[in-house]
């Protein structure tokens, strides 16, 4: 996998509690029946996907870090249920509906619920603990929008057309899961962005540009893997629709990432004015901006050496086991 480096405006940091959290997380995925057989466990440990929790939330320790690594691990396991290619797509779509009900209606996982639903319920109970109703409502919306992106992904895949770059990015903004993970930063940071500021176009733009940067890095990291498996990727879209060579398309995505980072910094420079206009304390806005930067830096640092994106026999794939089928017991 080719390495890429970008000027992310945050220092490289990793939670000092990573080793303990990683060991405890492996026990959690086993207890949740998310990783069963020996090969699945080997692949999961090899992928190091949950480590993003320690990279993206470097100040988190203890139970807060446990929540971060569990949520991140869950997102990758959920993602790969849609790439298994063994006919489980119908069950995966049903899981999206069940999780949406769990979030919107407050329904609980049942004894028949698939392991991926039970695990999410466990994460969501911890994630929302101690947070305001306003935070819960907006975070539910972010999770539901993420879940709604997966039926679109399956429909586009069944159609077989290569999406143009703009359409590809729109779809990826939903399934990349950045926005729920930004809400997680507030939860483990012990603060909430005031409603008036959170809904401002400036902060929304900062979330968007951070997501754009993470998406671009993800497309670069996963390009070789996606090409080998015949999956959609922004680089391939640029080649198909833009008439670019592979190297030219890679350069274009690199430019997208760096441009998104620069746009983020321009938006951040206006936070003092926003705080004064809305009567919001500048410190909380800076803290939120720092959290977005830290997540972007954490993904950047983790992704550069992630075993997740190797191509040889696809050892980073986590879809070996069906986690979306309902229990027959």
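Using N, Cα and C of the backbone, Cβ positions are placed for all residues, glycine too.
Residues annotated as Mg(2+) 1 binding site in Swiss-Prot, with experimental evidence given as evidence: 79. Around the Cβ of residue 79 (Mg(2+) 1 binding site), the number of neighbouring Cβ atoms within 10 Å comes to 17.
What Swiss-Prot lists as Mg(2+) 2 binding site is 79, and the listing cites experimental evidence.
Marked as substrate binding site by Swiss-Prot: 172, 225, 308, 309. Residue 309 (substrate binding site) falls within a helical segment according to DSSP. Take the CB of residue 309 (substrate binding site) and look out to 10 A: across all protein chains shown you find 21 other CB atoms.
Cβ neighbour count for residue 218 (Mg(2+) 3 binding site): 20 (other Cβ atoms within 10 Å of its Cβ, all protein chains included). The Mg(2+) 3 binding site feature in Swiss-Prot is assigned to 218, 222, 226.
Here Swiss-Prot flags 79-83 as motif 'DDXXD motif'. Break the motif 'DDXXD motif' (79-83) down by DSSP state and the numbers are 2 helix, 0 strand, 3 coil.
Summarising the annotation, Swiss-Prot assigns motif 'NXXXSXXXD motif' to 218-226 and lists a curator's inference as the type of evidence. When DSSP labels each residue, the motif 'NXXXSXXXD motif' (218-226) comes out as 9 helix, 0 strand, 0 coil, counted as helix, strand and coil in that order.
For the Mg(2+) 3 site, the Cβ centre of 218, 222, 226 serves as reference, and the other residues of the chain with Cβ at most 8 Å from it are 219, 220, 221, 223, 225, 231, 233, 309. The shortest Cα-Cα distance between residue 222 (Mg(2+) 3 binding site) and any of the binding-site residues 79, 172, 308, 309 is the one to 309. Note: the Cα of residue 225 (substrate binding site) and the Cα of residue 218 (Mg(2+) 3 binding site) are spaced 11 Å from each other. Considering only the binding-site residues 79, 172, 308, 309, the residue whose Cα is spatially closest to the Cα of residue 226 (Mg(2+) 3 binding site) is 309. Of all Cβ atoms in the shown protein chains, 20 besides its own fall within 10 Å of the Cβ of residue 226 (Mg(2+) 3 binding site).
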